[in-house]
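Everything on this sheet refers to the single structure shown next.
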Amino acid sequence: MTNANHPTRALFDEVMVPTYNPATIIPVRGEGSRVWDQDEREYVDFAGGIAVSALGHCHPALVGALNEQANKIWHLSNVMTNEPALKLAKQLVDSTFADKVFFANSGGEANEACLKLARRYAFDKFGEKKNKIIAFKQGFHGRTFFTVTVGGQPKYSDGFGPKPGAITHIPYNDLETFKATIDDETCAVMIEPLQGEGGIIPPDAEFIQQVRDLCTQHNALLIFDEVQTGMGRTGELYAYMGLGVTPDILSTAKSLGGGIPIAAMLTTNEVAEHFQPGTHGSTYGGNPLVCAVANKVVELVNTPQVLSGVKAREQWMREGLNQINEKHHIFTEVRGKGLLLGAALKPEYQGRSREFLMAGIECGVMVLVAGPDVIRFAPSLIIPREDIEEGLARFEQAVAKVMDA
Ligand SMILES: *Cc1c(COP(=O)(O)O)cnc(C)c1O
């Protein structure tokens, strides 16, 4: 039973700013795709800490990398560079379109860097009138004031005073509206190459290709927010690789650190040179401790075995979810790519996704939501098949529970 000296969920309401409403259980330990709470109850983890724990919990190689670096040096600041940051940047450059890397600590911060760089590039090259940013409804890019304003849910950016300007939101996958919106004053288009928080919405092939072509035509930079889709999540190292469309700037975070807070902005030489010493920065960005761990994550994920393993696991997840649906008839479809999957609820269950998450916890499986109408799955990229099967069996119990409620 819970040790009387352990902090409880009630303490959260006492001492934490109420930005969240966490579940009543408190996990204390994890191994692979299993997690244990204060009462030693065990859960199958289909959530991965919101698409973060790419190699599960406490992967021995990551624990090793962390411990090794912990005994060397933790932090220097960017007054000096460090070996793990250089190695990580080299790995990222060698395996993507990018020539240059900027490190940040979270997805929102990486996106903030992307947007500032795009604005500065346009300002330097074309003058101050080229400042328009096009983004998409239901898109999510982080919680800094710039990124949350570029994000496509006004309720997250309203009520904080004057917003950063010259940002237009249009519907995702709506090519005609996009064509009518982009012009020579557009400096950047920011898009998720598969909308995550917005409900697991994949892009149409024709749409994303045309977005690329029109950006090139209008000298607008194409920014791919791959914070959620990146680092193997879709079965490609980055989702752009599976789409055959290359951005000018890309942000990556979440899976990149496997649970350690790190993010990066990737771009080309031509764009990168518009940031100079002093234009942008971060005290912690590229800190040796986090980079040492991320180096190991990239090394382990960026292999044909792990990436093709993601595709195999996608099939197992889809088959299991489809079987549950054949019995219970609750989803309209299962969509997404790799291990970023969404089960869209039928109209009669819409608005109730959180009930499935909570019922999942009661039944011993952790899942996510993507808005009120979609249940999201983002497990470890190397989750064992038996954990997928056990997790799905528990999820089916959770479904039955919600249906009986
Ligand atoms: C999670 C997420 C972010 C924000 O990342 P933080 O690390 O929370 O700042 C930005 N963009 C996308 C697509 C995300 O999924």
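Backbone N, Cα and C atoms are what each Cβ position is placed from, and that goes for glycine too.
Quick look at what TrEMBL annotates:
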BINDING   Phe140, Asp225, Glu226, Val227, Gln228, Thr283  pyridoxal 5'-phosphate binding site
BINDING   Arg143, Ser282  N(2)-acetyl-L-ornithine binding site
MOD_RES   Lys254  N6-(pyridoxal phosphate)lysine
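Each of the binding-site residues Gln228, Ser282 was scored by the number of other CB atoms within 10 A of its CB, and the lowest score belongs to Ser282. Among Phe140, Asp225, Glu226, Val227, Gln228, Thr283, the residues given in the record as binding pyridoxal 5'-phosphate, the maximal Cα to Cα distance rounds to 25 Å. Contact annotation for binding-site residues (Phe140, Asp225, Glu226, Val227, Gln228, Thr283) versus ligand 1: Phe140, Asp225, Val227, Gln228, each with CB under 6 Å from a ligand atom.
Rounded to a whole number, the distance between the Cα atoms of the residue listed as 'N6-(pyridoxal phosphate)lysine' and Glu226 (pyridoxal 5'-phosphate binding site) is 9 Å. Straight-line distance linking the Cα atoms of Thr283 (pyridoxal 5'-phosphate binding site) and Arg143 (N(2)-acetyl-L-ornithine binding site), rounded to a whole number, equals 19 Å. The DSSP secondary structure for Lys254 (N6-(pyridoxal phosphate)lysine) is helix.
Listed recorded positions: Arg143, Lys254. The one with the lowest count of other Cβ atoms within 10 Å of its Cβ is Arg143.
The binding-site residues listed here are Asp225, Val227; among them, Asp225 has the most other Cβ atoms within 10 Å of its own Cβ. In the three-state DSSP reading, Asp225 (pyridoxal 5'-phosphate binding site) counts as strand.
The two recorded residues, Phe140 (pyridoxal 5'-phosphate binding site) and the residue listed as 'N6-(pyridoxal phosphate)lysine', have Cα atoms 14 Å apart. Rounded to a whole value, the Cα-Cα separation of Val227 (pyridoxal 5'-phosphate binding site) and Lys254 (N6-(pyridoxal phosphate)lysine) is 6 Å.
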